[in-house]
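Since the structure comes first, as structure tokens, the remarks are kept for the end.
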Amino acid sequence: MDRQSLRTTLRAMDASNENGSAKGAKKTTIGSFVRWTFGFNSVPLTTLVTITTVLLGLLVYVSTSVNPPDVTEAQKPLLNYAWAQLGEISRYPHPYFSHDNDRVRQHILKEVYTLAGREHFEGAQIEVDDSQTDIFIQKEDVFDKSAPPGKLTYFEGNNVVVRLSSKNSDKSLGAILLSAHFDSVPSSFGVTDDGAGIATMLAVLKHALAQNEGPKRDIIFNFNNNEEFGLLGAEAFMHHPWAQNVSAFINLEGTGAGGKAILFRASDYGVASHYSAAEMPFASSVYQEGFSNGFIHSQTDYKVYTEGGLRGLDIAFYKPRALYHTRRDNIAETTKNALNHMLVNTIDVTQSMTEADSFDHADQPAVFSDIGGYLFIILPLQYIFVISCLTLAVGPIFVGFLFLLVLRKQINAGTSETILGGWLRSIVSVLVSVVATYFVVETLHLGNELYVVRSFYTPLFAGLGTFIFVNYVLLGFFHFVRPVCDQKLIILLELSVVLWVLLLLSVIHEATHKATGEYHFLILYIVVATASILGLFGHLVTSTETSTFVEGPEDEEDTVDASEATETSPLLPEASPDNAAPSIHGAVDPENQQEDKTLQKIAVSMGYDWSIQFLLVVPITFFVTFGLAASLLDGLHQTPLESEKSADFVYTTITAMSVLVGITFLPFVHKLQVFVPIVVVGVAVTASFVHILSPPFSSNAPAKMRFVQNINLDEGTSYANVLGRQDVLQEVLEYIPSTDTFKPNCSSRGDGVEICNYIAPRPWLIDGEKVSSDGDFAGLPTNLLDVKVVPVNETSSGPFDRFDGRFKISALNNRGCVLRFNTTRFKSGDVETGVSPVKMVTLRHNRVGKTGITTGSGSRFSMFGWTRDPKTGKDEFRSFMHGVDDVTLHKLDWEDPEYDIQLSWIPRWYEVGDPEDEGNEALKNRLGVTVTCSWAEYLDPSSIVDEQGRRRTMDKIPAFTELNNFSPAWSIWSNQGRGLVEVSKYVEL
């Protein structure tokens, strides 16, 4: 039966109905209703698309929402305790370089001893070690991988380390370490970074003591100090004797300001599997890959612990990043629910770990994610790799085999339209839509680059809407002009090919880089390939005529839409005594077959396997792709504040995510009712206008800039140096009164960042200072820093002999200084000047036999070059190959103002093989040293003495106070260096 005879038969049936054939009318009415309701046409498809998109969009929003679940009545008592601790910890900024840092430490000690003195389980043993730990280490810059390798750090640590054990504890199993840092940055109150972690640890200790019996494993709590500037508290712990017995750790962190605490890194599957015990799981291994690939530049103590051989988890608050390290990271900006989310999950995971007999799978990275905040899914990366390899091998074979069977069937039947037709149209449509999507997103990028800091949804919706609309127009047009055998199936097959290639690349990346965030491609390929197999199988089990029948647009109004017949061949034909299953060769009924059998065959050809394909493809792929987009952009969308390259990367990611989410609907888009693309394009246009016309920042998503006041005692200058994105920074400075008197001098730092400096009033960092007769803007705090050269015995002056120089640094009310070096050829921080000539640094202490834990043969770190003389109290560090590029010094004793340093250098070390320079040989042998010391306190005013001898109160750092007071609500300030004030002085040795 050809197309025309079939049409004639159907029209004859309609005429019979009009003439009063009750039976025919009933059959036609039922068939039309079923086809209209369940067939592959615009009404049921549009309904399903709408319902699916709304429900899954809400699910993704709930999954990534910043709002944690509500607190239960059972959780309130412990949460209230933790909340009170958080309030006390975060009363003031408390960086390592501040007196408030000591206040927080004393509070932690007091709470630990208070908890230990209360009732607890029988046989509880609590050990507290608050002794000082000194380390002298040379490591790469934690936050800048491009920095020279010769960075030397002397650190005096005062961690509070607590070990909880019981009579049930099995020492052979190893301990579980809980770690958080109690220091903040100078510009922040440190609520989420990392007061919440400290409060959680205190609450976990309280909870553990309240149990009926003790833990199976010891629990060690490391309340560590100075994570913010080098992860040094964790470094100090790794030299503690208790570190040798740690089996696994949980590191608690914060890089946002509230919300939900996410598991974003895990060392391996063995420890990560214990996160399954979390009551409110929130996790994604995508972020782990972001750290590995360098997309996320910050670091946590997790890095130190894993490099030291420990296994564990990294859990942190992660958004909004714009408030991170600012005064908005305070108790008012977070919630009890946020703290409870970290607390409850930490208790659950800690209990699971302490009860474990062993931690297997140490060599297997973990792939993990939560679903809706209720279910935690985890697999070893090895399993994902094996499944991916099998899928890559089996998928194409199975799909290809079925494809060839369908093609042979169609060719043998002599059909004019085969499954080979129509492959080019979707390729053209996708290419055009990708270009259009890129154009729209890039237009938004150029039109208002930084609005993405405020919301990434506007460019994402604009790009996604563009992609869907362009494909709707083009694929609908192609379908109108020349319908093909099964456009839906052809697109599914093409997507299978593309996803197969992406999966192959992902497998290669997994094998070479242990990538844990690319499992999405495996899911997408399996889903799309399965839908393709269903479509091919449907063609095999139906008759050739009904499975390949093509209807043109002119027949859309006929009783039976033939084009829909081709798009939706049934998965399985209906069985009845009068309708046997068609043969593989597609034999059809004779011309004289009864009309009701013809109607039945047509109804069968309207099969509803499309709905199975839809429900298989759209919900899963949309949830996976949109969830991936939301997760990635949640973590990245505020990074454009840091550089232009970051902005470029974010908008490129938005374009890619728009396409990835959009392909979800690609096989079905040409059948949507017209109002859907109209709504889609309306959303895209609205989102574009909002993006272009709205201010880029708001009080909830402010522009973050950085401040430090630099005082050069040699030049007699005091400048406020502020760093931020170009144009934005200068706009903010227009609000600052001081810049009217002292115009900022701005220069580009490259990558869309500029630095401006202007004359700033002197800081008042020491109580009792006297004001200058010339006013606040005159005079420098010369009493803060002094550097005196101490004579040493002369050494040989041969071209490759060692030179020694000694000097003492006197820095009042100070805990940290940095030494940078320069010669005629070398300059610290400049990798192009070669290897540093400084080969040995000696630090003398005022207290002979200074306490501290030194490294031994059993240390996890091999501290090559560090030696200590217990009789003289000298620390020495030798670094002959790399040299010492710079030295960072820390000290805990506020009453001891001095650092006593001796340097040994070889001026010609780096000149080997180079011709001798002409000039003053004595000048070549000299070593220049710039001493820069930092001060970090600003909130409490200082008491000073004016010209008449009267006491007055002054802001400690007037320039920073002015910025905080006068900057617009859509901007906020963070520290640029270790402190808020840096005072420098230069000497030559």
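Numbering starts at 1 and runs along the chain as it is shown here.
From the backbone N, Cα and C atoms, a Cβ is placed for every residue, glycine too.
Long-range neighbours of Glu227 (active site, proton acceptor) (same chain, six or more residues apart, CB within less than 8 Å of its CB): His181, Asp183, Asp194, Gly233, Ala234, Thr300, Asp301. The active site, proton acceptor annotation in Swiss-Prot covers Glu227.
Mapped onto three states, the DSSP output places Asp193 (Zn(2+) 1 binding site) in helix. Per Swiss-Prot, the feature Zn(2+) 1 binding site maps to His181, Asp193, Glu253.
Positions annotated as N-linked glycosylation site by Swiss-Prot, on the basis of sequence analysis: Asn245 (among others). All protein chains shown were included, and the count of other CB atoms within 10 Å of the CB of Asn245 (N-linked glycosylation site) stands at 16.
Look at Swiss-Prot and you will find Asn745 (among others) tagged as N-linked glycosylation site. According to DSSP, Asn745 (N-linked glycosylation site) sits within a strand segment.
All chains included, 5 other C-beta atoms sit within 10 angstroms of the C-beta of Asn793 (N-linked glycosylation site). DSSP assigns Asn793 (N-linked glycosylation site) to coil in the three-state reduction, placing it in neither a helix nor a strand. Here Swiss-Prot flags Asn793 (among others) as N-linked glycosylation site.
Under the three-state DSSP scheme, Asn822 (N-linked glycosylation site) falls in the strand class. Other Cβ atoms within 10 Å of the Cβ of Asn822 (N-linked glycosylation site), summed over all protein chains shown, number 19. Under the heading N-linked glycosylation site, Swiss-Prot lists Asn822 (among others).
The region 'Disordered' annotation in Swiss-Prot covers 1-25 (among others).
Annotation comment: Swiss-Prot describes 548-576 (among others) as region 'Disordered'.
Look at Swiss-Prot and you will find 1-41 (among others) tagged as topological domain 'Cytoplasmic'.
What Swiss-Prot records for 63-383 (among others) is topological domain 'Vacuolar', and it gives similarity to another entry as the kind of evidence.
Residues annotated as topological domain 'Cytoplasmic' in Swiss-Prot: 405-426 (among others).
Under 8 Å from some Cβ of the topological domain 'Vacuolar' (448-460) lie the Cβ atoms of residues 322, 441, 629, 633-634, 637-638, 640-641, 647, 650-651, 654, 657-658, 687-688, 690-698, 700-701, 703, 725, 728, all in the same chain and six or more residues away from its ends. If you look up Swiss-Prot, you'll see 448-460 (among others) marked as topological domain 'Vacuolar'.
Annotation source Swiss-Prot lists topological domain 'Cytoplasmic' at 482-488 (among others).
Summarising the annotation, Swiss-Prot assigns topological domain 'Vacuolar' to 510-520 (among others) and lists similarity to another entry as the type of evidence. The average pLDDT for the topological domain 'Vacuolar' (510-520) in the predicted structure is 91.
Summarising the annotation, Swiss-Prot assigns topological domain 'Cytoplasmic' to 542-611 (among others).
Per Swiss-Prot, topological domain 'Vacuolar' is recorded for 633-648 (among others). Assigned with DSSP, the residues of the topological domain 'Vacuolar' (633-648) fall into helix, strand and coil as follows: 12 helix, 0 strand, 4 coil.
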Could you list the residues of the same chain, at least six apart in sequence, whose Cβ is under 8 A from the Cβ of Asn745 (N-linked glycosylation site)?
Cys756, Asn757, Tyr758
How big is the Cα-to-Cα gap, in Å, between Glu253 (Zn(2+) 1 binding site) and Asn245 (N-linked glycosylation site)?
23
Determine, for the Zn(2+) 1 site, the additional residues of the same chain whose CB lies within 8 Å of the mean position of the CB atoms of His181, Asp193, Glu253; present them in sequence order.
Ala180, Gly190, Thr192, Asp194, Gly197, Glu227, Glu228, Leu252, Gly254, Thr255, Thr300, Asp301, Ala316
Counting only residues 6+ apart in the same chain, whose Cβ is under 8 Å from the Cβ of Asp193 (Zn(2+) 1 binding site)?
Ser184, Val185, Glu253, Gly254, Thr255, Phe317, Tyr324, His325, Asp329
Three or more CB pairs closer than 8 Å, sequence separation of 6 or more: does that hold for the transmembrane segment (489-509) against the transmembrane segment (384-404)?
yes
Just to be sure I understand, if DSSP states are collapsed into helix, strand and coil, how many residues of the topological domain 'Cytoplasmic' (670-673) fall in each?
2 helix, 0 strand, 2 coil
Separation of alpha carbons, Asn822 (N-linked glycosylation site) and Asn793 (N-linked glycosylation site) (Å):
22
Take the transmembrane segment (612-632) and find every residue of the same chain, 6 or more past its ends, with a Cβ under 8 Å from one of its Cβ atoms.
45, 48-49, 52-53, 56-57, 59-61, 63-64, 284, 286-287, 290, 460, 488, 492, 520, 523-524, 527-528, 530-531, 534-535, 571, 653, 657, 660-661, 663-665, 667-668
By Cβ distance under 8 Å, which residues at least 6 away from the ends of the transmembrane segment (42-62) in the same chain are close to it?
36, 372-373, 610-611, 614-615, 618-619, 622-623, 626-627, 630, 665, 668, 671-673, 675-676
